[in-house]
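Notes follow once the structure below has been shown.
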Amino acid sequence: MDTSSEGDHELAPNDISFNTIPFSLNFHPTEDLLVVSDAEGRLKLFKYSLDENEVKLSLRPHQSGCRQANFSSDGKYIFTASSDCSMKVIDINTGSILYTREEAHDYPINCLVSKEFMVFTGDDEGTIKVWDMRQQNIVCEFQEHGDFISDITTIDDRHIAATSGDGGVSIYNFVRKSMDDISEKSDNELLSCLSLDNGQKLVCGSQDGSILIYDRNNLENVKKFAGHPQSVDALVKVNNNTFFSGSSDGIIRFIGLRPKKLLGVVGEHSTFPIERMAISRDNRYLGSISHDFSLKFWNVASFYEEDESEDADSANANANEIENDDDDDDDDDEIEDIENATKVDDDSGSEMGDDDDDDDDEEQEEEEESSSDEDIKRKKPQQNPIKAQQIEKQKQKQNQKRSFFKDL
């Protein structure tokens with residue numbers, strides 16, 4: 001890919017090409033490694049760098065499409081899920097298949113997400129299963145959706161959210177083995193989801209190109225705004241207020257949540273749909289795979305650096321933006337829609353159209369957000385000593401944790 005002359009800060013590894021459409025992409029949690037799976041059941045482990053991209057492992061664990069390949073939290077294993085309904089665990093050093101669950105689901109598995117020793121899977125008929133990989137057993141399962149599970153995201157240590165082709169999003173407490181909430185069905189398939197605002201907001205991409213923002217504590221409270229000419233298939237978090245979106249129009253956008261603005265265009269895969277995106281362990285490279293049979297790297301370090309420098313002022317900025325929201329509404333019609341954007345100046349952004357313009361709702365939202373921002377300001381200066389002790393104990397416990405596959 002093209003690189004800038006401004007030094008290594010703007011450089012990125014070269015593109016990687018494939019012989020078939022790649023299905024999933026994930027970066028290693030501690031090393032410069034990434035794994036890609038494809039439509040023919042293969043997976044490849046790459047070591048990436050500015051000099052070259054080296055294949056460290058190549059195998060075909062499934063005879064049908066390998067829809068997901070994801071690293072364990074310690075980076076020692078790769079979990080895979082396939083359209084053949086099976087799930088496998090692979091040692092990244094040897095390529096050995098350590099564990100196979102042939103009938104993990106009754107229908108093809110579409111999603112797989114891991115957190116610590118827990119794995120969450122979703123299939124084509126709407127079933128979600130929670131696995132404890134220390135025991136290689138199912139903890140619980142949920143059947144709340146009537147169509148395929150398109151995406152699963154972790155909210156915190158107890159909760160996950162899932163989107164479905166039936167147009168709904170749901171939240172589960174996998175510790176209590178219960179569903180917390182499920183939304184009404186939207187008119188379009190929901191294809192991707194992301195947890196933002198310290199877990200208080202769920203951002204979901206839809207088939208018609210709009211983005212739905214749900215209140216995590218009340219899924220009936222949803223804001224919808226247009227923004228993409230085609231479906232939003234992939235979302236990656238930058239911070240609690242910004243994210244990257246990948247669309248079927250081939251463009252990767254950088255978007256602000258509050259206020260809703262297009263902050264930049266990262267790049268594009270020509271006009272080929274973007275299948276998946278992921279961020280590297282150091283937040284330097286965004287990886288994207290597409291129907292153009294390629295993996296592209298984008299140097300996005302500056303996006304994260306800018307957002308980190310703005311975090312200290314975010315509460316004040318959000319409060320000011322909320323106070324001025326009514327004035328900004330008058331100018332919305334004059335601002336170009338995000339779908340027409342091809343180039344964006346770094347110091348400017350286009351407002352994204354909001355389909356929810358009810359004044360009473362806006363006033364209520366402003367009061368809630370202002371109250372939330374004030375809470376942030378009050379809580380930020382001090383650190384709870386009891387909480388600090390709990391965190392330290394948790395770290396010690398994690399350091400003592402043995403590998404959950406030691407007996408295999």
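Every residue gets a Cβ built from N, Cα and C, even glycine.
Under the heading compositional bias 'Acidic residues', Swiss-Prot lists 322-339, 347-373. Under the heading region 'Disordered', Swiss-Prot lists 308-408. If you look up Swiss-Prot, you'll see 17-56 marked as repeat 'WD 1'. Annotation source Swiss-Prot lists repeat 'WD 2' at 61-100. The annotation repeat 'WD 3' is assigned in Swiss-Prot to 104-141. Annotation comment: Swiss-Prot describes 144-183 as repeat 'WD 4'. What Swiss-Prot lists as repeat 'WD 5' is 186-224. Annotation comment: Swiss-Prot describes 227-265 as repeat 'WD 6'. Sequence annotations record features per position, and here Swiss-Prot assigns repeat 'WD 7' to 268-308.
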| note | Across the repeat 'WD 5' (186-224) the predicted model averages a pLDDT of 95
| task | Report, as numbers and ranges, which residues of the same chain sit near the repeat 'WD 2' (61-100): CB under 8 Å and 6 or more residues beyond its ends. | result | 23-24, 26-31, 33, 35-43, 45, 106-117, 119, 121, 123, 131, 133, 136, 403, 405, 408
| said: DSSP on the repeat 'WD 6' (227-265): how many residues come out helix, how many strand, how many coil? | reply: 0 helix, 23 strand, 16 coil
| message | Based on DSSP, tally up the residues of the repeat 'WD 2' (61-100) by helix, strand and coil. | response | 0 helix, 21 strand, 19 coil
| Residues from the same chain, set at least six apart from the ends of the repeat 'WD 1' (17-56), whose C-beta lies under 8 A from its own | 8, 11, 62-71, 73-75, 78, 80, 82, 84, 90, 92, 275-281, 285, 287-291, 293-295, 297
| field | Tertiary contacts of the repeat 'WD 7' (268-308) (same chain, 6+ residues out, Cβ under 8 Å) | value | 1, 9-32, 34, 36, 48, 230-231, 233-239, 241-242, 244, 246-252, 254
| query | How do the residues of the repeat 'WD 7' (268-308) split into helix, strand and coil according to DSSP? | reply | 8 helix, 19 strand, 14 coil
| Tally of DSSP helical, extended and coil residues in the repeat 'WD 1' (17-56) | 0 helix, 21 strand, 19 coil
